[in-house]
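Asks: What follows is a single structure, and I will ask about it in a moment.
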Amino acid sequence: MLMMGSACYTPVARYPSSLFRPSSINGLCFRHFNRPLWVARAGKSQLPKEDGEAQIAIGAEEDTLLGGNSGIISACFVGLLTGLCVVLFNNVVHEIRDLCWDGIPSRGASWLREVPHENTWQRIILIPTCGGLVVSLLNIFQSALEEGNSSEYGFKVVLKPILKAVAAAVTLGTGNSLGPEGPSVEIGTSVAKGVASLFDKDAQRKLSLKAAGSAAGISSGFNAAVAGCFFAVESVLWPSPAESSFSLTNTTSTVILSAVIASVVSEIGLGSEPAFRVPDYDFRSPSELPLYLLLGIFCGLVSLSLSWCTSWMTMATDKIQETFSLPKAVFPVVGGFSVGLIALIYPEVLYWGFENVDTLLETRPFVKGLHVDLLLQLIAVKVVATSFCRASGLVGGYYAPSLFIGAATGMAYGKLLSSLISQLNPIFHLSGVMDVASPQAYGLVGMAATLAGVCQVPLTAVLLLFELTQDYRIVLPLLGAVGVSSWITSWSIKGKPTQKQPGSGELSMLTSNDLDEHKCFTQKILVSQAMRTQYVTVLMDTRLTQVVALMLAEKQSCAVIVDDDNLFIGLLTLREIQEFCRLSNETNKIPQVSQVCCMPRETVTPVMNLYSAEMIMNTHGTDQLPVVLEHRPVGILDRECIDVACRYGFGNHRIPFHTDILRPVTKTRPKSSHIAICL
């Protein structure tokens, strides 16, 4: 509690601002919440009564006990339905592939290298192009469905993931360069949302079911339940905001049950064989562990190239669409046509299940291994083809392309290493000191390292390859290479809010549906529904020591700078203060706010939607924006506000909106300290 002048200011409990409703008492404007909390009043502060706290605790305990069984049962339903849907999805992909590529052997697209182009070039170009055309038609139908009557909301919710799954099946069945794991995860999350809407209305348990659905999607896609569980933790639970942190310890049973059931169903429907043929892992000596670290560096750089290429092609596609006013339906067709042209020279870029990965790892009989120069070319070509497929609007995931690129990188590295050691051995006699494993061993480790770098799921990548190889000797090389690759990709984007790693965010690299849903939802929420209404205001002549003390006391990372008339001037963050103090040479004089505030800040208004505000954050590389109305500050919007608003919105379909936009509140500041708190 902070005393200033004759007024008593008590911090407001932190809840999503959208759950507050505006009110006014004694001339002060603040917001109510349905549960007891601290509020600011002129004079004495009101604290929550002990009886109210006890009632809240008892209600929460009863809710947990009553919801435990329903959560377990719901997770079992999610695992069962996800497994069935993934089996159906994979069978549809195989049927489309057999229909389109009838007569091509099962050993994959490498067969196309053995036949003259005069007999196959029309099919190689037309089939991916036709796939893009079908995806365009499905996207048009989906857009028309979203613009239809809002009374058919339930029908749209059910039909939208079905259309996405069909588009993904067509994309993959016609050979376009994406993967099935993203759609499998999307199927799992869609099933989880459906089950949650029927059986479970609690927002926290909906998050748990979403994690269970994503785990079921991965475990059924790879027949690897353990990797599916850790994928749910890394992709759903860890990125969740602080108020949802209890889910990490309380949803373990739901995630495990869902993953195991989905894996069993997938094994029954698709067979017990792993997704691709895993060669016997070969580990010669601990002396080659540094070589795996070097492989991790190369895989990290390759992962960055895929990230940057995807971002660049996405921006280029958007720019072309805006410049020439082209409809979005054109780009999937162009994407499929481009894949067909590339496949004339490099047929391995076509999606053919994991048979192409088997070809790279040389695990299929009567299939000739690829030379190092061709492997290096395939790395570059696959990066370009995958990036353009994603940018053009084709539907699919990044796990399969990442594994392909990683296998090619590891195999090329292993073959070059073996050749180098064999040439140096007669000179330096390295046979007893440096024994190098087979290229397949480096191919397996390269797959995990690239997957971790692209999708930012290091634990999932390690456990996936360990679960598939079932060889404990691979753990140390995996941990080293995966750690280095993940560190390189995460370090490269550190401090760059405008550049999103393709794997960052919840399933962002795996599914396009979540991105579309996030964009659609943030366009419907106003800034006034998500902004923080507790913030610190300071004057230009306030000392930085006072600013820092107040920001730390109120647990705020920034302060709004105003003039004597409460008109907005700028925003001051703790990071800027730290940077100023580090570079400042003045030791005897205490600096003021005016010495740090050197440029105006971008602002948003309460009636602006969250999507526009998020675009402003990304464009200017900031994490918070002041909310200004009629030149007066009324709140602070940061990325956590957006995440919380979207999470509560997804759980409740909509956030309550109050037509009375919060008006600016002018407070009399104590002249002695020139500091005030606006609530």
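Quick reminder: no glycine exception, Cβ is built from N, Cα and C everywhere.
Just lifted these from TrEMBL, have a look:
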TRANSMEM  71-89  transmembrane segment
TRANSMEM  211-233  transmembrane segment
TRANSMEM  289-309  transmembrane segment
TRANSMEM  330-354  transmembrane segment
TRANSMEM  398-421  transmembrane segment
TRANSMEM  441-466  transmembrane segment
TRANSMEM  473-493  transmembrane segment
DOMAIN    531-587  domain 'CBS'
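Thinking about packing and proximity, how do these listed features fit into the structure?
Replies: Note on the transmembrane segment (71-89): residues 165, 168-169, 180, 183-184, 187-188, 191-192, 195-196, 199-200, 205, 208-209, 212-213, 216-217, 220-221, 253-255, 257-266, 269-270 of its chain, located 6 or more positions outside it, place their CB under 8 angstroms from a CB of the stretch.
If you look at the transmembrane segment (211-233), the same-chain residues 6 or more away from its ends with a CB under 8 A from one of its CBs are 75, 78-79, 82-83, 86-87, 90, 180-181, 184-193, 247-248, 251, 254-263, 265-267, 270, 272-275, 399, 457, 459-460, 463-464, 467-468, 507.
Residues 379, 383-384, 386-387, 398, 401-402, 405-406, 409-410, 413, 417, 436, 442, 445-446, 449-450, 452-454, 476-477, 480-489, 492-493, 501-502 of the same chain lie 6 or more positions beyond the ends of the transmembrane segment (289-309) yet place their CB under 8 Å from a CB of it.
Tertiary neighbourhood of the transmembrane segment (441-466): same-chain residues 218, 222, 224, 226-227, 230-231, 233-235, 278-279, 281-283, 291-292, 295-296, 298-300, 302-304, 306-307, 357, 360-361, 398-399, 402-403, 405-411, 413-414, 417, 472, 474-475, 477-479, 481-486, 488-490, 501-504, 509-510, selected by CB-CB distance under 8 Å and a gap of 6+ residues from either end.
Averaged over the domain 'CBS' (531-587), the predicted model reaches a pLDDT of 84.
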Asks: Going along the chain, which residues at least six beyond the ends of the transmembrane segment (398-421) come within the CB cut-off of under 8 Å?
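Replies: For the transmembrane segment (398-421), the list is 177-182, 221, 276, 291, 295, 298-299, 302-303, 306, 348, 351, 354, 356-357, 360-362, 370, 372, 375-376, 378-379, 382-383, 386, 390, 430, 434, 436-451, 454-455, 502-503, 509-510.
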Asks: Restricting to the same chain and to residues at least six past its boundaries, which positions have a Cβ under 8 Å from a Cβ of the transmembrane segment (330-354)?
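Replies: Distal contacts: 94, 97, 108-113, 117, 121, 124-133, 135-136, 139, 172, 174-179, 275-276, 317, 321, 360, 377-378, 381-382, 384-385, 388-389, 391-394, 396, 400, 403-404.
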Asks: Per DSSP, what is the residue tally for the domain 'CBS' (531-587) in helix, strand and coil?
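Replies: Helix, strand, coil within the domain 'CBS' (531-587): 20 helix, 17 strand, 20 coil.
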